[in-house]
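Some features that Swiss-Prot has for this protein:
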type: ACT_SITE; residues: His692; note: active site, proton donor
type: BINDING; residues: Arg15, Glu16, Leu17, Lys18, Lys114, Arg512, Cys513, Trp558, Glu602; note: 5-methyltetrahydropteroyltri-L-glutamate binding site
type: BINDING; residues: Ile428, Gly429, Ser430, Glu481, Asp596; note: L-homocysteine binding site
type: BINDING; residues: Ile428, Gly429, Ser430, Glu481, Asp596; note: L-methionine binding site
type: BINDING; residues: His639, Cys641, Glu663, Cys724; note: Zn(2+) binding site
Amino acid sequence: MKKSIIAFPRIGSNRELKFALEKYFRKEISEAELQIVAKELRLESWKSQKEAGIDYPISNDFSFYDQTLDLSIALGVIPERYKKLKLNELDTLFALARGFQDEENDVKARPMKKWFNTNYHYIVPEISKETVIKANFSKLLNEYQEAKTAGFETRPTIIGPYTFLILADYLSGVTEDAILSDLIGAYTVLFDQLNNLGGEWLQIEEPALVLDQTEEEQQLFIKIYQELLKNKNKLKVLLQTYFGDLRDSYQEIIKLDFDGIGLDFVEGRESVKLVQKYGFPQDKLLFAGVVNGKNIWRNHYQKTLSLLKDLGNIDNIVINTSCSLQHVPVTTENEIKLSKEILNHFAFAKEKLVEVSEISEIYVKKNTSLLDKNIALFDKNRVQENIQLKQKITHLTDKDFIRTPSLVERRADQIKALRLPLLPTTTIGSFPQTPEVRKARLQYKRGELSKSDYEAFLEEKIKECLELQENIGLDVLVHGEFERNDMVEYFGEQLDGYIFTQKAWVQSYGTRCVKPPIVWGDITRPQAMTVRWSAYAQSQTSKPVKGMLTGPVTILNWSFPREDISLKESTLQLALAVQEEVLDLEKAGIKIIQIDEAALREKLPLRRSDWYSEYLDWSIPAFRLVHSKVKAETQIHTHMCYSEFEDIIPSIDAMDADVISFEASRSQLSIIDALKAHHFQTLVGPGVYDIHSPRIPSSQEIKIQLEKILNKLPIEQVWVNPDCGLKTRGNKETIPSLTHLVEATKEVRKEKITYDK
């Protein structure tokens, strides 16, 4: 039985890629030096896979930024405004991802969206009338040859044409028909080139197949591959799917001339039933995704073997991961502070390679010692249940999830209490974390800085941050979050039930890596988490300072969740803990409390029929539970970013927050139309500039954005803010950008008042 994975993490076990890229962006190393780091990371990945017994090591899973962006470059799908910059290929890629600004040019970054239901983000391809598909697969071919030279016969992977078409933005009436023929031609060129190099396999990733499909989309997929597979010659082609099942098109797909089909048996709820009902062709390999590529818990071998047995008499099975391993950390080997007893329950990417091999060994060779060892792990009670917490959740009633008075009624109380101008200006929460801030936090963690000295340092930074905001002229201030390393980890560290790693980093986008905490047991709040800093900040200014919290859904979605209880139960545990913090902030005199739900959309099922019963019916009430007991005059804010929210606007309104800020700048404010169409009641702050790009927007640019918003929404409903927190930016970008934001807002206010007179 062969062993396979879909892809391996590219950031390196110590984030080597992140640090090399940041040096390159600062012009501290050359492209050649950057490429050396990349080559070392690829070699390490292939070695790890081969040593673990993987029969099909993967190539072209490496990327300097994003695999969808790599495909756009390979297909020549580069908008003219980026071509005019006359940059080399690598710097063009970075301009698309990050924007580009110099004395002569000022080009915004392309929009960034969540990759299906994960916390990874992709750069959205743009198709216009000017788009001309031109195949240049040198990256894929070079990396395949690089592996071959190093002694590894790899299976290159690439996102497929169907998923590319589904994910792309189409401008000015253009449809996929405009580029379809050339797109198929480009992949045909790749087939020929890989054949000429002696390539054995090509993996084509088509995750868009697990979304709800229309009849037209099913026909589009069949049309593409009936044409494309005629040209495969000796090359074997694997259709790889993940994040769900193929219930809309399985019967048609298995008739196509693929040599292998990869199915997800972890998130694909219907995958086993589809194979049982319609069979699986004997002339193809079934790449069975049975090792979870998205969570860090050990595989339960007995359950996996039972699943494989349920597939029936299929001889041609390859043991595979359910999705790319880029969604989990690289290895547990670096976790020297966690006990062996705890680590035994975890499998990061390298450990999942071993799991794939062991499942194959048990299945084929009936290796009972491996199976017995795994069974012993699951036979023990890992954690003790918190009976008191369970009873608290059981006794929740409908009243616990409803805030009174209503949104409209309490708005009058808030206007009176806060006395804010039209178009109130604010930021999303965090301010730039300078090397000085990170150094002090590290010294405190290591015991090199006393608690009193560290707190004095933080108080000084908060004062500076407040003074900066007052000088700029912002209306609602934040304390800057200098005490926080990460918006989830910071809370997890103060909640019982979480455990933490040292180096379990996962790529979120580009150079941005996150270290998700792990939900180990039942979650409770032993003491206040943020009150100390919010209360101190409010004591330093007469302007309102927002209390800053992360919401329960986001905390869970950006953690590695338990698999022994439901996501709903874990979320309600978190909601009760955050509710306690909200009420403590209110008691401390904080009049505006922001409860971020940046990741609300993330775990939304990919199929619309599952949205409510599987997710929204409990995730939205969990948010309401957090703030249901506050006073009418306390204003509740929330923030959401980098997802498509247009189709769940009624559910977002049902969160019953008083103000919601959205990412909107990269997506050309498209969400505004959806808000208007759904008669959205909540006050809104659509982000007026993109903080994920280093470019500085002019006040005129922000003014134009504001005017676009006010053409569609009443001025009384609008707040003005950037589209996300400022932690990852520098002061040299943040200060002028916020200054321009306030200047633009004041101009629009002045014009509005003059017009009204």
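The first residue you see is number 1, and the count goes up from there.
Here the Cβ of each residue, glycine as well, is placed from N, Cα and C on the backbone.
By a simple count of nearby Cβ atoms, those within 10 Å, the most crowded of the recorded positions Arg15, His639, His692 is His639. In the three-state DSSP scheme, Cys641 (Zn(2+) binding site) falls into the coil class. Using a 10 Å Cβ-Cβ cutoff, Leu17 (5-methyltetrahydropteroyltri-L-glutamate binding site) registers 25 neighbours.
Note on the binding-site residues Asp596, Glu602: the fewest other CB atoms within 10 A surround the CB of Glu602. The Cβ centroid of Ile428, Gly429, Ser430, Glu481, Asp596 marks the L-methionine site; residues of that chain outside this set whose Cβ lies within 8 Å of it are Thr427, Val478, Met487, Met548, Gln594, His639, Gly725, Leu726, Lys727, given in sequence order. Other Cβ atoms within 10 Å of the Cβ of Glu663 (Zn(2+) binding site), summed over all protein chains shown, number 26. Largest Cα-to-Cα span within the L-methionine-binding set Ile428, Gly429, Ser430, Glu481, Asp596: 13 Å. Ranked by Cα separation from Glu602 (5-methyltetrahydropteroyltri-L-glutamate binding site), the recorded positions Ser430, His639, Cys641, His692, Cys724 are led by Cys641. Glu481 (L-homocysteine binding site) and Cys724 (Zn(2+) binding site) have their C-alpha atoms 13 Å apart, to the nearest angstrom.
DSSP classifies Leu17 (5-methyltetrahydropteroyltri-L-glutamate binding site) as helix under the three-state reduction. Taken residue by residue with DSSP, Asp596 (L-homocysteine binding site) is part of a strand. Among the recorded positions Arg15, Lys114, Cys513, His692, no residue is found with its Cα located within 10 Å of the Cα of Asp596 (L-homocysteine binding site).
Counted within 10 Å of its Cβ, the other Cβ atoms near Cys513 (5-methyltetrahydropteroyltri-L-glutamate binding site) come to 16, all protein chains included. Spacing of Cys724 (Zn(2+) binding site) relative to Gly429 (L-homocysteine binding site) is 8 Å (Cα to Cα, whole number). Of all the binding-site residues in the record (Ile428, Gly429, His639, Cys641), the one with the smallest CA separation from Lys114 (5-methyltetrahydropteroyltri-L-glutamate binding site) is Cys641.
Candidate binding-site residues: Arg15, Ile428, Gly429. Nearest to His639 (Zn(2+) binding site) by Cα distance: Ile428.
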